[in-house]
Amino acid sequence: MSDVKLHRLYIHGQYTDATSGKTFDSINPATGEVIATIQQASQTDIEAAVKSAAEGQKVWAAKTAVERSRILRRAVDILRERNDELAQLETLDTGKAFSETSTVDIVTGADVLEYYAGLATAIQGEQVPLRESSFFYTRREPLGVVAGIGAWNYPIQIALWKSAPALAAGNAMIFKPSEVTPLTAFKLAEIYSEAGLPAGVFNVVQGAGREIGQWLTEHAVIEKISFTGGVETGKKVMASAAGSTLKEVTMELGGKSPLIICEDANLDRAADIAVMANFFSSGQVCTNGTRVFIPQRLKAAFEQAVVERVKRIRMGDPQHTDTNFGPLVSFPHMEKVLSYIESGKQQGAKVLIGGERATTGLLAQGAYVQPTVFTDCHDDMKIVQEEIFGPVMSILTYDTIEEAIERANNTNFGLAAGVVTQNISQAHQIIHQLEAGICWINTWGESPAEMPVGGYKESGVGRENGISTLNHYTRTKSIQVELGDYQSVF
């Protein structure tokens, strides 16, 4: 334990000791080893972070949009220069393969920051004439202090998705990463400070969501909460935010997304998409297409194509560059996923491949679960209805496309959906009927900075990324001007 680094909170541009006296450990899920000990924030520390953010936000908002953009662009450059260093830390903390974190997590996070750095100068109001002697104009003003609460599956990417539009609009952010993957948020805070962000504009507090999250959502000074996580927790955050000071919220929550493969689909392409939609990042992606609908007559050929591809997955040490499938994020999460797999077996689904914990050699030390494909699934099965957040695909057959659409929509979730077909007209007709916020045709999973991300139904409120997100980090002030005489009715 003497070699394990102790991490403090990051408040007002520097590391500072928490006052709670409590700590928690970050565990490498590939080995079970403790890699860091993190101090947990107290309510006193949250107050200090809010006070710091309020002070820093005034300095930040007073800068011109060009100045803010310049500082954020510097941060982008530093992120890209340190891509591999950050990716190695992310892999250590999350268990995700370095081949993934080095090409996706930091890269796409930096892309979003660069996108909003460019949009910082485009935040503007409008002027509208009312009559010859009067007009009104609007100002887009920052909210002030906002809070971001991150999830454990894309720690630094989520921190950037939340902080980039907030900072571009002139706000300060207090960010709480998941206690399961707490480390790269510290590095992002350091990078922001190095780039020239004023002290307090990006603070990092650590600890359990049920405590820290509640203090943030109920704080009177905090004007907005952006949360990524599970549906039930999201409902509590939203209720708390509404019950305190009626804060604005953005919620990116869970999913159980359908992937519909049409009669005319190229099965090789369909199998490629289905495997990527289920096993990328070891299946720990909110938008995963875990309900795969296939026409009955194509079932056997599709299953064979999927199994062939799953056999090519390279599970192993996530730090090795040839590994493309690492452990799950934690041992408790592994047990949860294994319990879902057991449920699938008990309810009569057939395991085509996988279905167990991976225990060969050094894999036994980590939270590894075999990529698992179930077939002969039914809509009422637990593995089909509930979000597993692991490497578990469920194959379901259908007779008509109308049936597939109806069943695809028969869920409380509505995060993502996809269609594979060679008939582009049919693709659009199907997509327009699917109740989901993020949809893909003949592909899966890409989320460019320009594309809004968010769900329907219980999968979320509001959007992240895209131009419109900036509107939710500002508020509009309307000002009428009268140039002529003023006539009172009294």
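Yeah, the Cβs are placed from backbone N, Cα and C, and that goes for glycine too.
Among the features that Swiss-Prot reports, active site, proton acceptor is placed at Glu252, with the record citing sequence analysis. Within the same chain, residues at least six positions away from Glu252 (active site, proton acceptor) with a Cβ under 8 Å of its Cβ are Phe227, Thr228, Cys286, Val453, Gly454, Gly455, Ser459, Gly460, Glu464.
As annotated by Swiss-Prot, active site, nucleophile applies to Cys286. DSSP gives Cys286 (active site, nucleophile) a coil state; it is part of no helix or strand.
Under DSSP, Ile27 (K(+) 1 binding site) is assigned to a strand (E or B) in the three-state scheme. Contacts of Ile27 (K(+) 1 binding site) defined by a Cβ separation under 8 A and a same-chain sequence distance of 6+ are given as Glu33, Val34, Ile35, Ser330, Phe331, in order along the sequence. The feature K(+) 1 binding site is assigned by Swiss-Prot to Ser26, Ile27, Asp93, Val180, with sequence analysis given as support.
If you look up Swiss-Prot, you'll see Gly150, Ala151, Trp152, Lys176, Pro177, Ser178, Glu179, Gly230, Val231, Glu232, Thr233, Gly254, Cys286, Glu387 marked as NAD(+) binding site, on the strength of sequence analysis. Long-range neighbours of Thr233 (NAD(+) binding site) (same chain, six or more residues apart, CB within less than 8 Å of its CB): Gly209, Gly213, Phe227. Thr233 (NAD(+) binding site) falls within a helix when secondary structure is assigned with DSSP.
Summarising the annotation, Swiss-Prot assigns K(+) 2 binding site to Leu246, Lys457, Gly460 and lists sequence analysis as the type of evidence. According to DSSP, Leu246 (K(+) 2 binding site) is assigned to coil rather than to any helix or strand.
Taking Cβ-Cβ distances under 8 Å and a sequence gap of 6 or more within the same chain, the neighbours of Glu248 (site 'Seems to be a necessary countercharge to the potassium cations') are Leu143, Glu223, Lys224, Ile225, His472. What Swiss-Prot records for Glu248 is site 'Seems to be a necessary countercharge to the potassium cations'.
Checking Cα-Cα distances from Ser26 (K(+) 1 binding site) against the binding-site residues (Gly150, Glu179, Val231) with a 10 Å cut-off leaves Glu179, in sequence order. Using Cα positions, the member of the binding-site residues Asp93, Leu246, Lys457 nearest to Val231 (NAD(+) binding site) is identified as Lys457. With the fewest other Cβ atoms inside 10 Å of its Cβ, the least crowded of the binding-site residues Asp93, Glu179 in this structure is Glu179.
On its own chain, Gly150 (NAD(+) binding site) has Ile158, Ala159, Lys162, Phe175, Lys176, Pro177, Ser178, Ala185, Thr228 as residues at least 6 apart in sequence with a Cβ closer than 8 Å to its own Cβ. Among the binding-site residues Asp93, Leu246, Lys457, the residue whose Cα lies closest in space to that of Glu179 (NAD(+) binding site) is Asp93.
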